[in-house]
Amino acid sequence: MKKKILMLVGPTAVGKTETSIALCQRLKGEIISADSMQLYRHMNIGTAKPSLEEQQGIPHHLIDIIEPDASFTVADFQSEAARLIDAITKRNKFPIVAGGTGLYINSLLYDMDFTSAVSNWNLRQKLQKDAQLYGNEYVYKKLQDIDPNAATKIHPNNVKRVIRALEVNYESGENFGDFKNDIEKNTCYEPLLIGLTRDRSELYERINYRVDQMIETGLIEEVKNLLDCGYTPELIAFKGLGYKEIIAYLEGQYDLEEAITILKRDTRRYAKRQLTWFNRYQEIQWYNLTDQSSSNIIEAILKNVEGYFNLS
């Protein structure tokens, strides 16, 4: 029997945390975080991680599970989420997957086999070093030369994805796009995919406010503490929004005002990319939080869930 899951997605700062908690309270659910930054311990402010008080007693999974220098792949998420969905279902609770990391959502929606995923750690490290020494454009030019089709679909500054495309090509001889085309829907789950959005002006105001709050509540001190603990700026965890900008400020690349301006701008751009990603899902059902009160949205989603899964 397929396991029922509610998937709640949307851009950063849209209101996923509050909405997912409210839904859990009504559905007797537990939350599985699909946020690649909230995995890390000691990184609370910059990841907008819900505090214990904000969690309101609702079980949250895949938050605070690894150190900032540890690795956690999409395959790891897929495996852990599958285990959690099974355990939550067996407890007669309702699994709610909530977050904005598109690849994590993909790994549950589609039958993606990571056990045979092509990888070459030595090559990856060399390409990462090339990007650091010669710049993002250097490795992007390599991709343009060997897989121009993939290069048109990947931003030059998305170094992680550029390197992954090169890795796939070097190891398999296949183009990155071809490697991804055989994906079919995951038959283990019966997902209801709900997307949260807001009018752009309101979303951007919320993003700007969130950044200001992060600074006021100690983001700079959080980053300093992490660096003082010996975590280095080269870590993948520090490539996340909020951390890379503050590290650049601490290194003297920007003054604080400029760092905050850049962080707000980059977060708005990230939200736009998230919306573009989630709009690709034909099955997604969108709810605009600007149009209605949060309580009305909750009731509308609950009615949808009950009808979709025949819960009434």
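Note: Cβ is positioned from N, Cα and C throughout, glycine not excepted.
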Feature region 'Interaction with substrate tRNA' in Swiss-Prot, mapped to one of the ranges 35-38, 91-94, 263-266:
35-38
Integer Å distance between the CA atoms belonging to THR101 (site 'Interaction with substrate tRNA') and THR17 (ATP binding site)
14
Counting other C-beta atoms within 10 angstroms, the emptiest spot among the binding-site residues GLY10, PRO11, GLY15 is GLY15
Quick one, of the recorded positions LYS16, ARG124, which Cβ has the fewest other Cβ within 10 Å?
ARG124
Whole-number Å only: compute the distance from the Cα of GLY15 (ATP binding site) to the Cα of THR101 (site 'Interaction with substrate tRNA').
15
Please report, as numbers and ranges, the same-chain residues at least 6 past the borders of the region 'Interaction with substrate tRNA' (35-38) whose CB is under 8 Å from any CB of it.
46-49, 62-64, 72, 77, 99-101, 103-104, 237, 240-241
For the region 'Interaction with substrate tRNA' (35-38), provide the mean pLDDT of the predicted model.
97
